[in-house]
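Listed in TrEMBL for this protein:
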TRANSMEM  6-23  transmembrane segment
TRANSMEM  44-62  transmembrane segment
TRANSMEM  68-90  transmembrane segment
TRANSMEM  102-122  transmembrane segment
TRANSMEM  128-151  transmembrane segment
TRANSMEM  163-185  transmembrane segment
TRANSMEM  191-210  transmembrane segment
Amino acid sequence: MDNKTIRFIVGIIGNVISLYLYLSPTPTFVKIVKFKSVKAFKPDPYLATLLSCVMWIFYGLPVVHPHSLLIVTVNSAGVLINVTFCSIFFRYSAWPLRKKMIIVFILEAIFIAGMVAVALTLEHTHPARSMLVGILCVIMNIVMYASPLTVVKTVIKTKSVKYMPIFLSIGNLLNGSIWIVYAALDFDPYIMVPNVLGAISGMIQVGLYVKYNKTTNWDEEEEPPNEVEMPPSASNA
């Protein structure tokens, strides 16, 4: 089996894991629809994930980084899922939050348009375009992977992992690991860097779960922390 085939198979596995992670917030939105209210939940994670997915789709297009079909497929699924989540959030939000979401949507559209224009007009080779768009995608993913630090801080402070689902943490670890392998098979630093950070983030979360699982009061009724963990970015494909 040649390197190209192995990389394709690894990428397919990565797509499946990434799809699972994209769908992981579904229970939250089932609650939102059920109670017809977003309560204390925030739209920021889903707006950020949507932007990240669109950026990675552009990175994977033939005009930027040829032979990257699996990047486009996984992030297209991410766009569809997060557009759905954002639509539900918008539907059950009060006007002030809706206004904020509209502003963010407009800013994201302007940013994407600017990135596309600069990449296609000022850069005329695939390596140059890949570097420009890749660096922007890496920066975006670093910000997204840093966001769960607020949840990690809460876990350490309360010695409770009640609101840090272990399957999501394991998913983070597996997702980062599989895309590291994918990037290594045909070295791509722009895919490698954010996924190394993602795997480390997942490893830290799993470690905290092991450490604080026994000190967690699973029967105690308490409000979840206001900080909502950023949906894992499967957009590093």
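Each residue, glycine too, has its Cβ placed from N, Cα and C.
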Non-local residues, at least 6 beyond the ends, that sit with Cβ under 8 Å of the transmembrane segment (68-90): 8, 11-12, 14-15, 18-19, 22-23, 25, 29, 32-33, 38, 41, 43, 46-47, 49-50, 52-54, 56-57, 59-61, 98, 101, 182, 191, 231, 234-235, 237
Stretch with greatest number of CB pairs under 8 Å, the transmembrane segment (128-151) reference, 102-122, 163-185, 191-210 candidates: 191-210
